[in-house]
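According to TrEMBL, the features are:
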- R88, R132, I133, G134, T135: phosphate binding site (BINDING)
- Q211, R213: substrate binding site (BINDING)
- 48-258: domain 'Nucleoside phosphorylase' (DOMAIN)
Amino acid sequence: MTETTGYSGSGLVLVRNPHLDLMEEDVLYHLDLGTKTHNLPAMFGDIKFVCVGGSPNRMRAFAQFMQRELGLAGDGEDVADICAGSDRYAMYRAGPVLSISHGMGIPSISIMLHELIKLLHHAKCRDVTIIRIGTSGGLGIEAGSVVITDTAVDSSFQPRFEQVVLDDVVVRSTELDKDLAEELLACSRDIPDFPTLIGHTMCTYDFYEGQGRLDGALCSFSSEKKLEYLRRAYDAGVRNIEMESAAFAALCGLCGLKGESCHFHLLPTPGLNPL
Ligand SMILES: O=P(O)(O)O[C@H]1O[C@H](CO)[C@@H](O)[C@H]1O
Ligand SMILES: O=c1cc[nH]c(=O)[nH]1
């Protein structure tokens, strides 16, 4: 079964769950927020940008950076964790920008995105742009490059995300917003010393065996086999590897969020960039 990408037409987030309307209260459990306990429209109604990334400290530092960049009151240090009660994710806001951590891997980002999308829905946010700011392993690109994802692909280099729903497998599209990708690429031209490119991002379920690493606790392939696989990935248009982009692209696309995924290829990623 394949689903199509959604857009509500009004700029509102599109939740595609008829059960939600019948619920007296929606508890966003892992964010420590809820429709009865919090005034979500007052707290979040004016949010226009959501930036997500794996680590809580990175997302705090990003919120502080945004606070300074936007010239907001405060010294840029005093951002409070809105989700402090949950101990799962961290969330900060700087003016119209929300900065949220999602942990590592598809299950973790998926839980966060379900609750974030419902949060934006309850808060009646309009025209929200979401950007994942992550690290990744680069393939055949200069160390330190930023890869802006046009499409997330799976480990067979296909533009699809397979979500198990009960005992069915649902195939979801992983295309990201091409205009936003071009816009971000244009912004990068103003910043010297950051090689930036648009390419496919391969999303894996594992950091070690899934990404061809030779230094995990298990490894059943040779160095030659690894290189042959990564070369095929490169030839298919893959320029970097990480672990959330497919779920991010699928969920944001289906719920009408304008989304993009940008990855900084860190220098010390062991065992990658071999081409
Ligand atoms: O830099 P972040 O956002 O944590 O993402 C990348 O780093 C983690 C692996 O080290 C994975 O989650 C991968 O996707
Ligand atoms: O998943 C990831 C994240 C960072 N670097 C990698 O090589 N892979």
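The first residue you see is number 1, and the count goes up from there.
Glycine residues also receive a Cβ, built from the backbone N, Cα and C atoms like all the rest.
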Can you give the mean pLDDT for the domain 'Nucleoside phosphorylase' (48-258), rounded to a whole number?
-> 96
If you check the binding-site residues R132, G134, T135 one by one, which have a CB less than 6 Å away from any atom of ligand 1?
-> G134, T135
Using Cα coordinates, what distance in whole Å links R213 (substrate binding site) and T135 (phosphate binding site)?
-> 16
Specify the count of other C-beta atoms within 10 Å of the C-beta of R213 (substrate binding site).
-> 18
Distance between I133 (phosphate binding site) and Q211 (substrate binding site) at the Cα atoms, whole Å?
-> 20
How big is the Cα-to-Cα gap, in Å, between Q211 (substrate binding site) and G134 (phosphate binding site)?
-> 16
Close to ligand 2, in the sense of Cβ under 6 Å, among R88, R132, I133, G134, T135, R213 as binding-site residues, are T135
Given the binding-site residues T135, Q211, and counting only Cβ atoms in the protein chains shown, which has the most within 10 Å of its Cβ?
-> Q211
Packing count at I133 (phosphate binding site) (other Cβ atoms within 10 Å of its Cβ) = 18
Binding-site residues listed as R88, R132, least Cβ neighbours within 10 Å | R88
Among R88, R132, I133, G134, T135, which the record lists as binding phosphate, how far apart in Å are the two most distant Cα atoms?
-> 20
